[in-house]
Amino acid sequence: MIRSIIRGVGSALPKRSLSNDELAKFVETSDAWIVQRTGIHQRYIANENETTVSLGVKAAQAALINAGLTIKDIDCIILATSTPNRTFPASAVEIQYALGMNHGFAFDIQAVCSGFIFALTTGDSYLRCGAAKRILVIGSDTFSRILDWEDRTTCVLFGDGAGAAVLEAEEIEGGIAFQRGILSAKLRSDGAYIDKLYVDGGPSTTQTTGYLRMEGREVFKYAVGMITDVVDDCFAAAGMDSSQLDWFVPHQANKRIIEASAKKLKISSDKVVITVDKHGNTSAASVPLALTTALCDGRIKRGDLIMLEAMGGGFTWGAILIRW
């Protein structure tokens, strides 16, 4: 049986960090107000020379080094982003070129904050059917470009960044208890909630980019239930439950949502990876940034059972269960 394993991970952040106190100098807010409601202390903001593509390239290079591979070993690049460098071609193709890859194929996936989960699941499907041997999966976003910096309910939440993972096909023998890699994945979407979290513009409507708009309370109201339901489905598909979990790596949107979801799933706080305090919500980069952090600091070890999850505009949401 073919399983998809994550052979290497990497991340990249812009050079400039922006603390809550610095933000309060030009936005009507305060460190206390932001921390109490979100758990965020700072975020990273891209400068004019830092883009979704440039951050994605750096994260990809770090993941390749971590995996002990070169770009010649990669068959496909999948980029999850909602903030591409251009309307077209795909930013994944720009990353492919920047990495010196002129073989295989590359494309973008747009599922907002759920993007990395959707991209990783797509890559897993390619590996299982034999369409590729190794895939570079990247989540990269520069949400600072689409924020209304006069709207304190949204501009305090988001940051820029990128994360990447090298997904590799591996032949596995034995039952699920002896297997590693992606054990199960579940994806969901429902367009009935489009107006809860969106960008008010686009090439086909306004011919402009627009700004991010969000009904925060409404998103929170739905988020916890949707996240926990899809996580439970993911556990069930693998014949497991939350009591067996070693690490919960959620989308870093808001500390309140993370804590409420973990509590409902009966996952103790010491098993939850939280980086939202340092990065803010980096959209598609959120999960791979958190995963890379927990791997680099030694928390996640070989054999650990890990649940990744995310929810984003649309709504889109999903979860992936992995044996490391």
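Positions of Cβ are set from backbone N, Cα and C atoms, glycine also.
With a cut-off of 8 Å between CB atoms and residues at least 6 apart in sequence, the same chain places His251, Ala253, Asn281, Ser283, Ala284, Ser286, Ala310, Met311, Gly312, Gly313, Thr316 near Cys113 (active site), listed in sequence order. For Cys113 (among others), the entry in Swiss-Prot reads active site, with the evidence type sequence analysis.
The active site annotation in Swiss-Prot covers His251 (among others) and rests on sequence analysis. According to DSSP, His251 (active site) sits in a coil region rather than a helix or strand.
Marked as region 'ACP-binding' by Swiss-Prot on the basis of sequence analysis: 252-256. Panel annotation: around the region 'ACP-binding' (252-256), residues 37-40, 113, 157, 220, 223, 274-277, 279-282, 286-287, 289-290, 311 of the same chain, lying at least six beyond its termini, place a Cβ under 8 Å from a Cβ of the stretch.
In the three-state DSSP scheme, Asn281 (active site) is classed as strand. Annotation comment: Swiss-Prot describes Asn281 (among others) as active site, evidence class sequence analysis.
Every protein chain shown contributes to the tally, and the Cβ of Asn281 (active site) ends up with 24 other Cβ atoms within 10 Å.
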